[in-house]
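**Q** Here it is, the structure, as structure tokens.
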Amino acid sequence: MFTKNNRIIIYSLAYMIGIVLGNQLDLDLTFYYLLIFVPLIFLFWQTKKIKFILLVLIAIVFGIVRLQFSHPEINEEQIAFYNNSAGLEFKQMSEMQWQGIVTKEPDIRNDHIKLTLQTSQVLVDDVWQAVNGLVLVKSNLYPEYNYGDQLEVRCKLVQPDKIDDFAYDDYLSRYDIYSLCYSPKIELIATEQGNYLSANILKFKDKVHLLFKQNINEPASSLLSAILLARKRGLSDELLNNFSRAGVSHMIAISGMHISIISLLIARLLAVLYLPKKVAYPIALSLLAIFIILVGAPASAVRAGIMGAIVLIADYFGRFNQSYRALIFVATATLLINPKLIIFDLGWQLSFLAVLSLIFYSPVMDKLFKRIPQLGGLTAILKTTLAAQVLTLPWIVYKFGIISVAAPVANIMLLPSLPIIIIVSILAIVISFIYAPLASLFFWLVWYILNKLIEVINLISSSSLAVIDNITISIWFVICLYLAIFCITKAATFKRQLPKI
């Protein structure tokens, strides 16, 4: 029979399966309550094996029920209750007047801004009524609004819907957003109504963004903001597409995959420079914490940071084969809070798969590349990149229909620059508050590296052989592929050709 820890892992995985099943089923909640209650009766006198099976079933049903409860009940106390009916033409829609506070960093685009507001009250028949719920407001760039601003808004509220093949409604539901606001008339009521710590982190982030603009020319400035501050708004669609074609989009994404790879690379590259392990890994963890603060410490970055820390700690102690438990516990905890992540959040999916892949296959790559020279850390980069690709590549192909053939080469060429960019940029930020002329030298070095990085990405992506696209595979093929990977890995482990995982 399974050990206690392994049983908990299986219950966690069963809970995740339940969430996925819950998205496909539409049954009355009473049915699920009965499914939980009936097995509970048998728990007290059946054998251990039967108890285990029943607990797995309960975990699956709990996942289904948890997903059902994550959808709010739309009533008069929810702002989504006042959405216009679906199918109405925009000019036929009625306007609502309501108040709320900007609860997230404004999302500034080239020609508009998106504000996420937590509503507090709505005007119904000339009477203000208390409401709850988030609204995504699409407004003009000016006047500017900031985190913590309390606004009174008059606009047409609309329920999110699909856009072509993109499930925009599902995408927003992971943030608990069920109302969109178009053509708003906005009045500022008060400022500084948000969380004090979050407000100051975002103010610091704005100062750093301004520093980049003042000291580094475009497009390098916007690229640095994307890497360090998670602000991609200054990057052209062409450059973003080139990152994708070259297979290095993770360099400008705040995800567990990006943070884990970079943290691991920083630690291993510092080790290549003959820094002791007990110094290199704490430095990498410290840089990870600074990075999360720089991006504004959103929930997604904190989750990614925890996943990255798991990989670093596992690598430090050489306990990769044990740390997957910690990853699954963290993943389960996040899904208890927000079960929609596993279904609708591609970033969460790729983060989980990438970190799991690093945990399982980093030791495998270490053994396969054991006799290959380190080449100043280039071998470590290749090993880390390939380890992360084992479990993420099938899902990327399924979701995007592309394979970046150039990815291994691009990552070997470009990833060594990323730890340098991050470390030198952080030094430049600190020095700029002490002696600005000296900081300019550091910013010049960052600008030079970024420019060369852009040149290489443009060159690699320009090749017709860089990407194989228009690939269509079914979810069943992906499942079979993952089962094959699992079986091959277990067989190799059993024959002791690979390290135990």
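Easy rule for this one: first residue shown is 1, then count along the chain.
Cβ atoms here come from the backbone N, Cα and C positions, even for glycine.
According to TrEMBL, the protein has these features:
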DOMAIN    34-188  domain 'DUF4131'
DOMAIN    228-489  domain 'ComEC/Rec2-related protein'
TRANSMEM  6-22  transmembrane segment
TRANSMEM  29-46  transmembrane segment
TRANSMEM  52-69  transmembrane segment
TRANSMEM  252-275  transmembrane segment
TRANSMEM  281-314  transmembrane segment
TRANSMEM  350-369  transmembrane segment
TRANSMEM  390-414  transmembrane segment
TRANSMEM  420-450  transmembrane segment
TRANSMEM  471-492  transmembrane segment
**Q** Can you work out the mean pLDDT of the predicted model over the domain 'ComEC/Rec2-related protein' (228-489)?
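**A** The average pLDDT of the model in the domain 'ComEC/Rec2-related protein' (228-489) works out to 81.
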**Q** Determine which recorded stretch among 6-22, 252-275, 390-414, 471-492 has the most C-beta pairs below 8 angstroms with the transmembrane segment (420-450).
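**A** Against the transmembrane segment (420-450), the leading stretch is 252-275.
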**Q** Would you kindly list the residues that approach the transmembrane segment (6-22) from elsewhere in its chain, counting only those six or more residues past its ends and only Cβ-Cβ distances under 8 Å?
**A** 52, 55-57, 59-68, 325, 328-329, 331-332, 335, 339, 342-343
